[in-house]
């Protein structure tokens, strides 16, 4: 069996790290909305793929996320066994830790599976307890 050589995209995804860039207008409150419609991960119970649209909304303070780094970093989830809740919370926490925004919301809108549609929402301004 011949060894499979990794494609350049696989290599970029493997080494992907989130990058913060300086906010060009830190004196102003403005909302950035990012939609990632092709999010995938693996169900930790069955191993079947889960598909979702990840929606990110934030009001930056000193930093904004560099979009290519975000895209590649989100693609790292595609071969991970992780629940909807854990994936959405991990995305939220990584962005919050990196950017320290004035406001952040991450929504994981997962495609129905077994006739169940799950939406996980994490916001910096809400206490759901």
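Positions of Cβ are set from backbone N, Cα and C atoms, glycine also.
Pulled from Swiss-Prot:
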ACT_SITE  43  active site, thioimide intermediate
ACT_SITE  50  active site, proton donor
BINDING   65, 66, 67, 84, 85  substrate binding site
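Shown on the structure are the features that Swiss-Prot records.
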{"residue": "43", "record": "active site, thioimide intermediate", "DSSP (3 states)": "coil"}
{"residue": "50", "record": "active site, proton donor", "DSSP (3 states)": "strand"}
{"residue": "65", "record": "substrate binding site", "DSSP (3 states)": "strand"}
{"residue": "84", "record": "substrate binding site", "DSSP (3 states)": "helix"}
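In sequence order, 34 make up the list of same-chain residues 6 or more apart from residue 67 (substrate binding site) whose Cβ falls under 8 Å from its Cβ. Cα-Cα distance from residue 65 (substrate binding site) to the residue listed as 'active site, proton donor': 25 Å (rounded to the nearest whole number). Among the recorded positions listed here, namely 43, 66, 84, 85, 43 has its C-alpha nearest to that of residue 50 (active site, proton donor). Between the two most distant C-alpha atoms of the annotated substrate binders (65, 66, 67, 84, 85) there are 24 Å. The 10 Å shell around the Cβ of residue 50 (active site, proton donor) contains 23 further Cβ atoms across the protein chains shown. The shortest Cα-Cα distance from the residue listed as 'active site, thioimide intermediate' to any of the binding-site residues (66, 84, 85) is found for 84.
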